Amino acid sequence: YVQEMPRTKTFLNLWLMTIVLSSVPYGLSTTFFYTLGNGGPLVALWDWIIMSFIYVCVATSLGEIASKYPVSGGVYYWSYMLAPPKLAPLMSWIVGWLAVVGNITVTLAVNFATTQLILSSVILFYPDYVPLPWHTVLACWATILLLGVIAILGQRYLPYVDMFTIAWIVAAVLATVITLPIKAALGRRSAAEVFTEFMDMGAGWPVGMQWVLGLIQGAYCFSATGMLPAMSEEAKSPETTIPRAISGLLGFMFLLPIMFTLGDLATILASPTGQPLPEIYLEATGSNSAAFGLFFLILVIGLSCGLACSQATSRCVWAFARDGGLPGQKWLSKTSKRAEMPLNGFILQSVIQCALACIYFGSTAAFNAFLGVSVLCLGGSCFVPILLSFCGGRKQIMGTKFYKGKIGFAANVVAIMWFILAIPILSFPTILPVTEVNMNYAAVVFVGFALISVIWYVIRGRSHYRGPPDGHTGL
């Protein structure tokens, strides 16, 4: 590969970007309906602990491979290098499309949830306001446009934005930890109630399945783990910088005060925007102003997270197009020296986000679809290279600077078992009985993109796509 973008990002820059990509307080805040609606505080806390362990294993597994192949192609490049030669182009093609679709939809899920939070803040002061679908879609478009302008005009200043966001995340967690236990307007739940009492909120699923569905909250928060390698070609010493940066955990401290001061679950889950957070803060503090103050901290994190996700997504689109995996290769593989970024790739992913947001006109469960398909695709794209490495006896990653030996082997086993479980459950609806309104359309969106991928492979990929270059010397 020819070095096309400045190699300016240090380990600190990428580590900060990882935390911003995950934005755990924000990710948890926008997915409470998965756990509170499927078991309550018990499921929220214990499933978070389980997912934290699982994604340490996933990050370790990916880190070993990233240390061997530190290129922006990330998972699809790794799949090409690790697969048997005859299957390498096809494996690379499949994983490349999974990665692109996953990156775009997870960025949309972040921006869409931020939009819902913005509209939720209006309800704090105007309880009679009911956001209509077109309000949500237009606000989502405005959010995507705003972040696009910031990214294009302020590319060189984004590392400072990440540093600011880290401080903001710490402030949000501390504000929640201090304020909620002190105010506790509706009282405090006992430790036994929080850690041992299962609350059936009428989801319709058996208890065991509700536990499993609750894992989606943590899976979404950590789904950005595999996005960071897209920044490899802008990193200094990527062989060590990338794998060290894709580890980072936060959340239990944020969850505890919320679960102990949680108000009436039925009221919280009935939020007209589909986002419980404002109601959680309002019931815990008893004050609109205090609730908005805490809520505003999370809202800013959401905007920063959307900005970071769009950065990683544009690099993923650019890298796969550069290797001939996407239509419009010549246009998408260009980078802008003035903007110091793959500008065309950034524009494309923004346009696709705006188009997909229109699904909300037909289903209020659109956010579930965006979230489900993003974790489905990103999980699948991470699963393939880990499985290929494991089935190959981990021989190709031996001797790398991040090789973990027996610990890495155990991490591979846990990661593979998780993805085998996770990929099917992400298509399940969270509530029974299923209607056209609460249906999880993740599988529909996934199949739609799969058809585009297959059609393009038949038209061009089968005869022209040979995969990425075999070497990455000079990166």
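All residue numbers here begin at 1 and follow the chain in the order shown.
Using the three backbone atoms N, Cα and C, a Cβ is placed for every residue, glycine included.
Keep in mind that TrEMBL annotations are predicted by a computer and have not been checked by a curator.
The structure displayed is predicted, hence computed values, not measured ones.
According to TrEMBL, the protein has these features:
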- 12-36: transmembrane segment (TRANSMEM)
- 48-66: transmembrane segment (TRANSMEM)
- 87-112: transmembrane segment (TRANSMEM)
- 132-154: transmembrane segment (TRANSMEM)
- 166-187: transmembrane segment (TRANSMEM)
- 207-228: transmembrane segment (TRANSMEM)
- 249-270: transmembrane segment (TRANSMEM)
- 290-309: transmembrane segment (TRANSMEM)
- 343-363: transmembrane segment (TRANSMEM)
- 369-388: transmembrane segment (TRANSMEM)
- 409-432: transmembrane segment (TRANSMEM)
- 438-459: transmembrane segment (TRANSMEM)
Requested in this report: For the transmembrane segment (290-309), find every same-chain residue at least 6 residues outside the stretch whose CB is under 8 Å from a CB in it, and list them.
Outcome: 17, 20-23, 25-27, 29-30, 103, 106-107, 110-111, 113-114, 117-118, 120-121, 124-125, 143-144, 146-147, 150-151, 158, 161-162, 164-165, 168-169, 171-172, 175-176, 179, 183, 224, 227, 277-278, 281-282, 284
Query raised in the report: Are the transmembrane segment (249-270) and the transmembrane segment (166-187) close enough that 3 or more Cβ pairs fall under 8 Å, when only pairs 6 or more apart in sequence count?
Result: yes
Report summary line: If one takes Cβ-Cβ under 8 Å and requires six or more residues beyond its ends, the residues near the transmembrane segment (249-270) are 19, 22, 24-25, 28, 32-33, 36-37, 40-41, 44-45, 48-49, 52, 55-56, 169, 172-173, 176-177, 179-181, 183-189, 194, 199, 201, 218, 221, 276, 279-280, 283-284
Report task. Give residue numbers and ranges for long-range contacts of the transmembrane segment (343-363): same chain, 6 or more residues beyond its ends, CB-CB under 8 A. Result -> 103-105, 107-108, 111-112, 133-134, 136-137, 140-141, 144-145, 148, 151-152, 310, 313-318, 321, 328, 331-332, 334-336, 369-370, 436-437, 439, 441, 445
Query - Stretch of maximal Cβ-Cβ contact with the transmembrane segment (438-459) [cut-off: under 8 Å; candidates 48-66, 132-154, 369-388, 409-432] - result: 369-388
